[in-house]
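As given in TrEMBL:
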type: DOMAIN; residues: 1-23; note: domain 'V(D)J recombination-activating protein 1 DNA-binding'
type: DOMAIN; residues: 24-96; note: domain 'V(D)J recombination-activating protein 1 pre-RNase H'
type: DOMAIN; residues: 100-232; note: domain 'V(D)J recombination-activating protein 1 RNase H'
type: DOMAIN; residues: 234-296; note: domain 'V(D)J recombination-activating protein 1 ZnC2'
type: DOMAIN; residues: 298-460; note: domain 'V(D)J recombination-activating protein 1 ZnH2'
type: DOMAIN; residues: 468-498; note: domain 'V(D)J recombination-activating protein 1 C-terminal'
Amino acid sequence: QIFQPLHTLRAAEKELLPGFHQFEWQPALKNVSTSCNVGIINGLSGWASSVDDSPADTITRRFRYDVALVSALKDLEEDIMEGLRDSGMEDCACTSGFSVMIKECCDGMGDVSEKHGGGPVVPEKAVRFSFTVMSVSVLADDGEEEVTVFTEAKPNSELSCKPLCLMFVDESDHETLTAVLGPIVAERNAMKESRLILSIGGLPRSFRFHFRGTGYDEKMVREMEGLEASGSTYICTLCDSSRAEASQNMVLHSITRCHEENLERYEIWRTNPFSESADELRDRVKGVSAKPFLETQPTLDALHCDIGNATEFYKIFQDEIGEVYQKVSRSREERRAWRAALDKQLRKKMKLKPVMRMNGNYARRLMTQEAVEVVCELVPSEERREALRELMRLYLQMKPVWRATCPAKECPDQLCRYSFNSQRFADLLSSTFKYRYNGKITNYLHKTLAHVPEIIERDGSIGAWASEGNESANKLFRRFRKMNARQSKSYELEDVLK
């Protein structure tokens, strides 16, 4: 069935792609056309360009957000009906009161240029924005309780992660990125105020959408929420702590930042109502120095947390091999020698090839008790070895809590002990390893120690809301872009979007 003439393929695609199903919004969406049969559109449509707008030299294709959501719900039609039956809800009794939880992900991808040799390599970067339907619940006409009729079992699979917009933009180019995502943000805001009427199981039903932007890495969150870049003294996207504070008090912090507050702070930054000096002003707004653009949900990105902490452990391993705790200032050559020794040992005993930039797979292999034992062979003093083993043991107790899709089910014991373990971990860092944590600490380590229990209490999970689905779909994007796209630039993104 693959080798069919193009027109039959197109017809089949039409039914599967957004833009095929009828629906309506009540009230109608502000500034969004009411037509339903909208397929792939130019990502910049929705921007009225003025005479002096510089032409955005981005190629971008997207679905209209509401049309894509309708298509995703229609894909889940059978699951929703089955959920209604299983929960004993009379099918015809439930036509209104559905609410849908959406996870949004957005991630930049480095080098996606065509590899044809010849000529200079142009830096071609892409950004993908996608969403996942996390759950559908319904409030029965007589019931007080919401009943969940569908929950995404694999929220981090690329199969449940629907692409919404593809753009050839560098994620660091804030202006272009915000220009391309602008229409998406506008549509999303319009949908928050309205209800979707869509036929599911043969009856028109009404849905409300709740959007949670959790699938962003720290760089993207800081960019969207107007915070300074990640090297800033304000190290956290969840609380106002400075790097020095976070290294003194590692565990006791609570989440204070939110989109509204960032907007207010930006206004203060812009207007400087108290006529303060730059430093005082910056301290007042805690590092918010650009206009927050897209609302994200303050959370912790599990995948990058893994990677960030593994990088940190890798550095601790090097320092321990060189016994830095005895004398901190060491020459570059010495450090290089320890690193070489560590890489050699890991390659020999663990078959771990050194990597340029830490990646997920390397992080998973490095953060094991086995790896610590291998490293300990190079550490001279027995008590330092014990400290390293203890550090890793505590870390491995903590890790499942922010990796699990449903920690209360999958690792209840570790969840209960999390605060205790993180306190012990912090004590170890600030005593035995204080040469590394004197007045500094990495962003993800701070979040791992200080914020995990609170996020879990609020959302029930960190792992389920992570950006992995989007990250693994990036791999597919590369693949499609290289092989399967109909050979012409204008088609390419459309095919990958499909």
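Along the chain as shown, residues are numbered 1 onward.
Placed from the backbone N, Cα and C atoms, the Cβ positions cover glycine too.
Per DSSP, the secondary structure of the domain 'V(D)J recombination-activating protein 1 ZnC2' (234-296) breaks down as 27 helix, 3 strand, 33 coil. A mean pLDDT of 96 is what the model gives for the domain 'V(D)J recombination-activating protein 1 ZnC2' (234-296). Across the domain 'V(D)J recombination-activating protein 1 RNase H' (100-232), DSSP assigns 26 helix, 56 strand, 51 coil.
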